[in-house]
Amino acid sequence: MTDAGHAALAGAPFIEGIGLSRAYGGVRALHNASLAVLPGEVHALVGENGAGKSTLIKVLGGRVRPDSGEIRLRGTSVSFSGPEAAHRVGVQTVFQELTLLPSLTVAENLFLSREPRSRLTHLIDRRAMGRRAEELLTGMGIDHIDPLAAVEDISLSERQLVEIVRAISHEPDILFLDEPTSSLVEREVVWLFEQIRRLRARGTAMVFTSHRWNEVRSIADRITVFRNGGDVGTFTDISEDDAVSLMTGRHVETLYPPVPALTASAPIALETHHLASAHLHDVSLQLHAGEILGVGGLAGHGHRALFFTLFGADRATSGTITVAGKQVSIRSPHDAMKRGVGIALVPEDRKTEGLLLRMSVRDNMTLAILRGRLSRMGFLRRAEEKRLSSDLSRQLRIKTAGPHIAVGSLSGGNQQKVLLGRWLLAEPRILLLYDVTRGVDVSTKAEIYALIHRLAAEGKAILFYSSDAEELAHLTHRVLVMREGRIAAALEGNAITAEAIVSAAVRDTSPASGRGTHAA
Amino acid sequence: MTSTPLQTSHPADLTPPPSGASTPQSSSGIRRFLASAERRRVLYAFAAAIALFAIGEIVRPGFGSFAGIRAVLVVASFVGLVAAGQFFVILIGGIDLSVPWVLNAAAILVVTSSLGRNAWAVPAGLLTLAMGTMIGALNGVGVGVAVLGVPAVVMTLAMNGILEGLTGGLTCSSCAAYAPPVIQAAVHHPFFGIPAVLFFWAIVIAVVSVVLSLTTFGRATYAIGSNPRASFLAGLPVRAITIGLYALSGFFSALAGITLVGFGGQAALGMGDPYLFQSIAAVVIGGVYILGGRGHYIGVVAGSISLVALVSVLMAVDMPEYGRNIIYGVVILVLLLLYGREAPEA
């Protein structure tokens, strides 16, 4: 695109979707949706899970063909046979599902199908590829990802960064980003927004989705609200309250309910002394019955190790765990779930670590009590299973066509409820909740918050990790901030703010250590 | 029942359930039954068996008669027994390549340890089943214990080689060569014109199906086959169940070995060789998902019958063995190509 071209097109949409519809099976994912993206604008799509944002991006990015409707590119009607066809006309998309090939290196992924060739042999020039990948990454301010590392060996957030870098490296005219920030930590989000501003200055049009309102507010030029598969309005200025009521038909003030009061005399439910494992060093903490203890900090600083060690999924190398005053030995999740211990872990990655996607909603709900109260002499108590699972669906308002439906066909929010429900059935005393609201829409978030508060009020002890500092600040009684596998700070009462959590997480981190310093 | 957190009232300030959230249950039961791919495949396998009997009747009249069908079913029952074990390990995404020599060692062990005498038939049979179960459990330990973590293909193939060597080296050629008459009768003796082994197979079908659909062990097996990591994090004893499933595979191979010597009267070196390929083929034809997590034994039964019917038809048209092997291989590849193409996730 030349500058003259920009001038000519200013005001006219770069890409336009008109009356797009798309159904999967009997479900209308997108219904008569329209969107116009102007050159050099950052356009946010907001809406609940299942409102059609991702489907619209898939359609405009060439990944999915619409059942009806029209796509216009610079005023000309187009139809994409696949993402490659979209790439050829300058449309790049970072899809929600990561598309990197796990066993290839970062460099190989970045230059996939456009590998630098040796002039002599025309074979792939691996040295040049590594060098150019390094230049590309450092040129965008990322110096902590090794271009020669296999993608499967780098963290989820690093993969997301590589995915974004790859899309930007094609110098697109239009860049779609579907929930780019959901697996990023604060610093990486700052980095991403710098890239977005830089591209905007160059005239690139960008469309992104996010469930975090402060991100939308800080970067978007225009906001389009989606509901039930269609757009309900595009705004240059809209308050969160108004946006949420458009998205859901309700108001935002109920999102964070007041934290339930903590009884001073509540007994200690869980205590650790100098607990250590592979990525965890000398962690001593106390968790009281009825308490919501937040855990925060940058990704990769030992939160996961803490949760998985407490649950017996990682092996503790030293230190002790005490439950209700008694020292316990937890060497497997089975030990953690035993009567007298009663620990439950809801893991972060529900698709790989939580759910059996092909199995039914009911099978998934009752998995943790399968060998407990659902078993009579090794036989399944099927009537009891039916009753428990339908009660649970009702209580948690899980939207499904029936308990026999494969859980993989549910929306993200409902999948998360199924997983939470599984652990409620196990009647734990201590709940370890690891980033349970990630990728979940506002309504479901509100329901999960209310559920957590209700459980705390009933005397359950809750350890709550979140990558969202705002959420930690609003939901918890105390917050422990972790850094390099240790507890770096403890915040209480009015000292708990999102800013305090973030600053405690990054304090003293030397720039040389590399982690999260790519904004340099 | 103690009071659960679910029975407390729900705060009223949450979103009301959206109208029309609960879709009415879809129309007919048959439609819903056929909505599942593996159930459709079970039907295909039975349909294939029926079609093959019809074809057999055309190329050689009498093939589809009562006696003809009975002969096919008896041979299918041996495949079906081995395939039961193979099915259990394939359900968790594993495979058992030690089938041929577990079967063969079992056949030889039951003959030699009983010295062909009726009085020793029961202890010899139990000893043989214990041997098969133990070898299977060893396979399971190698595959299922994280510190060993041997891939199933390698572990069971090595076990097959070890057993082949042991059996060849330890077989005493002067020992009894015939199975005790009581074991032979247990296979052949007809009730209402149907050999006992078919009644026995019917019992195995019922037991395997009940174990998988009505017990917590069965549910856990499907869960581990669907997602071993999630199953572990839900507190399931993944390692113990893995060992148990491989032990079952060893048990069924040994059981097939005993019934085969009962059927033929004699054990021979190499008698287990065809059963490796046939057991895997029966599982695949029966619509079991080769990567684990889905499938029914009744499909494996249909697979065993149609496989044996196919072999019999080919023999009826005087197809030599190499030709039959080529056709086996093609059938399996085609089925894997077709069945592997269904959409992976919703």
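The backbone N, Cα and C atoms fix where each Cβ goes, glycine too.
In TrEMBL this protein carries:
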- B:1-27: region 'Disordered' (REGION)
- B:1-10: compositional bias 'Polar residues' (COMPBIAS)
- B:42-59: transmembrane segment (TRANSMEM)
- B:71-95: transmembrane segment (TRANSMEM)
- B:101-120: transmembrane segment (TRANSMEM)
- B:127-154: transmembrane segment (TRANSMEM)
- B:198-222: transmembrane segment (TRANSMEM)
- B:243-263: transmembrane segment (TRANSMEM)
- B:275-292: transmembrane segment (TRANSMEM)
- B:297-316: transmembrane segment (TRANSMEM)
- B:322-340: transmembrane segment (TRANSMEM)
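Counting Cβ pairs under 8 Å to the transmembrane segment (B:127-154), the stretch among B:198-222, B:243-263, B:275-292, B:297-316, B:322-340 with the most such contacts is B:243-263. Packing against the transmembrane segment (B:101-120) from elsewhere in the chain are residues 82, 127-129, 131-132, 135-136, 159-161, 163-164, 166-167, 171-172, 175-183, 250, 253-258, 260-261, 266-267, 269-273, 275: each is 6 or more residues past its ends and has a CB under 8 Å from a CB in it. Against the transmembrane segment (B:297-316), the recorded stretches B:42-59, B:198-222, B:243-263, B:322-340 differ in Cβ pairs under 8 Å, and the greatest number is found for B:42-59. The transmembrane segment (B:275-292) shares more Cβ pairs under 8 Å with B:322-340 than with any other stretch in the list B:42-59, B:198-222, B:243-263, B:322-340.
Residues 34, 65, 68-69, 72, 285-287, 296, 298-299, 302-303, 305-306, 309-310, 312-313, 316-317 of the same chain sit 6 or more residues outside the transmembrane segment (B:42-59) yet have a Cβ under 8 Å from a Cβ within it.
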